[in-house]
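As written in TrEMBL, here are the features:
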type: TRANSMEM; residues: 18-37; note: transmembrane segment
type: TRANSMEM; residues: 57-75; note: transmembrane segment
type: TRANSMEM; residues: 87-107; note: transmembrane segment
type: TRANSMEM; residues: 113-131; note: transmembrane segment
type: TRANSMEM; residues: 152-174; note: transmembrane segment
type: TRANSMEM; residues: 186-207; note: transmembrane segment
type: TRANSMEM; residues: 267-286; note: transmembrane segment
type: TRANSMEM; residues: 298-314; note: transmembrane segment
type: TRANSMEM; residues: 321-340; note: transmembrane segment
type: TRANSMEM; residues: 346-370; note: transmembrane segment
type: TRANSMEM; residues: 382-405; note: transmembrane segment
């Protein structure tokens with residue numbers, strides 16, 4: 001805390017703001033890099049497990065672990081050490097990525113039910129990792145600047161682009177060699193594991209020492225947050241317990257999670273509907289149901305690469321306007337269905353681009369507007385609640401995605 005109980009003043013010119021935005025972007029990438037890597041090598045897993053619908057099943061396995069773990073963490077968020085939570089998430093991402101490599105090398109790239117169960121187990125581990133890292137990071141960044149949330153979600157979105165670009169490169173590099181598909185996939189996950197290790201280093205040693213980050217975390221601590229103490233210590237900021245005991249307990253009063261949810265239920269529902277729609281179409285329908293177009297085996301990779309949300313300078317700030325825009329997105333369901341049947345490649349790419357762009361834009365609008373006006377501990381709690389609904393929407397979407405199989409004879 002500040003010495004002699006004085007108010008903490010903002011750092012001059014918000015020192016470290018740009019560096020913090022870059023780190024937030026990289027950490028956002030890290031929350032989905034490994035999982036997107038697993039989605040992006042769908043061509044390899046479809047070759048190994050042609051009868052198991054890996055693009056759908058792996059996502060369906062991932063989600064219960066992610067949503068269930070995050071629900072528990074959200075309930076107890078006020079008592080959880082944010083630093084340990086986020087580090088555990090990124091370390092588990094790293095270890096799980098390595099296990100993908102180990103499993104493939106141990107089985108010599110052979111398919112089979114045992115290998116498939118192992119891949120599904122790793123998918124579940126990615127879900128647990130995501131619940132720790134994404135929920136923890138969004139809660140932490142919600143008590144800082146809106147630009148940090150935007151950078152983090154831009155990183156989440158960009159992970160799909162980066163993994164797709166890397167997959168295109170590794171696939172092309174080994175395309176004409178024997179066992180090229182497998183070699184490209186192994187190289188791809190090796191890069192993924194290295195990137196997750198980089199995220200561990202960035203969060204552990206770089207992010208907590210940035211002046212602007214220390215300022216907002218110390219401000220949250222003054223407002224009663226107990227989740228930031230370990231990160232403040234890592235940044236070299238010493239707390240003074242005696243001062244904390246002398247402060248008026250009423251200053252630490254905060255809204256309960258239930259009250260926060262009731263006040264922001266429209267935002268929470270918005271996120272649920274955004275991701276339910278997107279994941280009911282992507283990746284299952286786009287990777288399995290668009291084979292009639294001329295890009296052939298590269299088509300799924302191109303479509304995933306088009307999933308690029310853009311952060312617009314002008315945001316939609318009306319709460320009713322956001323809800324209306326999100327409901328109108330459901331017109332994409334019949335649009336995709338009829339385009340897949342009767343449309344050409346150009347229309348399909350246009351719809352996919354709009355799906356991704358609108359997903360990212362609306363997410364940023366909600367996530368940057370919701371925390372405004374609350375104290376640090378409330379912003380942290382609200383960030384966790386919103387991510388819980390976001391992941392719940394993803395879970396609902398990947399479940400509904402199986403409906404596309406109806407009429408295809410399974």
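Positions of Cβ are set from backbone N, Cα and C atoms, glycine also.
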Intrachain residues whose Cβ lies under 8 Å of the transmembrane segment (113-131), provided they are six or more past its termini: 31-32, 34-35, 38, 45, 48-49, 52, 54, 57-59, 61-70, 73, 89-90, 92-93, 95-96, 99-100, 103, 107, 391
Annotated stretches the transmembrane segment (186-207) and the transmembrane segment (87-107) touching (3 or more Cβ pairs under 8 Å): yes
Highest-contact recorded stretch vs the transmembrane segment (346-370), from 18-37, 152-174, 382-405, CB pairs under 8 Å: 152-174
Close approaches to the transmembrane segment (18-37) from elsewhere in its chain (Cβ under 8 angstroms; 6 or more beyond its ends): 62, 89-90, 93, 96-97, 123, 126, 129-130, 133-134, 137, 141, 144, 147-149, 151-160, 162-164, 167, 188-189, 192-193, 195-196, 198-199, 202-203, 206-207, 210, 212-213
The transmembrane segment (382-405) in contact with the transmembrane segment (152-174), cutoff 8 A, at least 3 CB pairs, sep 6+: no
Candidates 87-107, 152-174, 267-286; stretch with most C-beta pairs under 8 Å toward the transmembrane segment (57-75): 267-286
Chain residues outside the transmembrane segment (87-107) and at least six past its termini with a C-beta under 8 angstroms from it: 27, 30-31, 33-34, 37-38, 114-115, 118-119, 122, 125-126, 128-134, 136, 182, 185-186, 189-190, 192-193, 196-197, 199-200, 203-204
Beyond the flanks of the transmembrane segment (152-174) by at least 6 residues, Cβ under 8 Å: 24-33, 36-37, 39-41, 43, 134, 137-138, 141, 180-181, 183-185, 187-188, 191-192, 298, 301, 304-305, 307-309, 311, 356, 360, 363-364, 367
